[in-house]
Structures are given as C-alpha cells and as structure tokens.
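A.B. asks: Following this message is one structure expressed as structure tokens.
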Amino acid sequence: MAYLDPTLLILLVLAGLGIISHNMTVTLAILVLLAIRITPLNSYFPWVEKYGLSIGIVILTIGVMAPIASGKITASEVMHSFLHWKSLLAILIGVAVSWLGGRGVSLMSNQPSVVAGLLVGTVMGVALFRGVPVGPLIAAGLLSLLIGKT
C-alpha cells in the first residue's frame, strides 16, 4: 500500500474548500504551499515560516496605504478624519485590533499548541464565510484574552 502523506491530504482538503467556496485567496495560497511541499522548494519552508507572516503584513499594509500614497485619499481628508466621530471610532478600533494582533503574535509564539486550531478556524472562515486570512492574529489575540497571554 502506498504511503499517503497526511499533510498533503490536509492541504488538498483545504484547497478543495477554497475551490468549493470560490475563494481564490485560499485556493491560491494552498496550491502554492502544495507546490512548495512536493518540490525541492520544500527546503524553504523554514524561511516561509519565519518571514511569511511579516511579508504578508507588509503586502497588506501596502494595499491599505495605497490610496493615500496614490493621492486618492488626500492629506486634508486624512486630517479631517480626526474631526468626525466615525473616523475617531475607526481609529480607536484600529488601535484595539492592532493591540489584539500583538497579543496574538505573543500567544502563538508562547503556546504553539493553539496554532493549528487557529489556522483551521481561519481557513474555514475564509473558505466558508468569504472572510479574509487576517484572522489568525486577531483570533489569537481574542483567545489570549480568554486563556491568558502565555
């Protein structure tokens, strides 16, 4: 009987969830990971694990900041955001979410046993509910409030 790699099976199931839910983000990410896994590129997994999250956050930040950099959102609009209650609330929520993300990074580093559950939950949220894969850090931050930071 041929050996079936359980990790490949998990990745295939997750890719299938991405396809079924028409979520190209999940599908593409999982297919890239599958390609890395089954080729000699698999020796780069330690690098991907170490820097992938940071690179992803940089790319996400570029996407979020692009309207300011391109001039679509002007400097005066940014300054006026401090004068409206909705914008002030958005700033406060942004601060809170960033704080939660920081707690999440700490929890994921100090309690790696929770990472698998957070990742599965995030992929399910992305695949089934059209979410975006920023969930693990925020989910870990929320989890840290419930179970403690370390």
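Each residue, glycine too, has its Cβ placed from N, Cα and C.
So Swiss-Prot lists these for the protein:
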- 1-21: transmembrane segment (TRANSMEM)
- 51-71: transmembrane segment (TRANSMEM)
- 82-102: transmembrane segment (TRANSMEM)
- 127-147: transmembrane segment (TRANSMEM)
A.B. asks: Counting Cβ pairs under 8 Å to the transmembrane segment (1-21), which of 51-71, 82-102, 127-147 comes out on top?
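C.D. replies: So the stretch in question is 127-147.
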A.B. asks: State the non-local partners of the transmembrane segment (82-102) in its own chain: residues 6+ outside its ends, Cβ under 8 Å from one of its Cβ atoms.
C.D. replies: 137-138, 141-142, 144-145
A.B. asks: Using a Cβ-Cβ cut-off of under 8 Å, list the residues of the same chain that are 6+ residues beyond the ends of the transmembrane segment (127-147) and lie near it.
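C.D. replies: Residues packing against the transmembrane segment (127-147) from afar: 14, 17-18, 20-21, 23, 25-26, 29, 60, 97, 99-108, 114-115, 118-119, 121.
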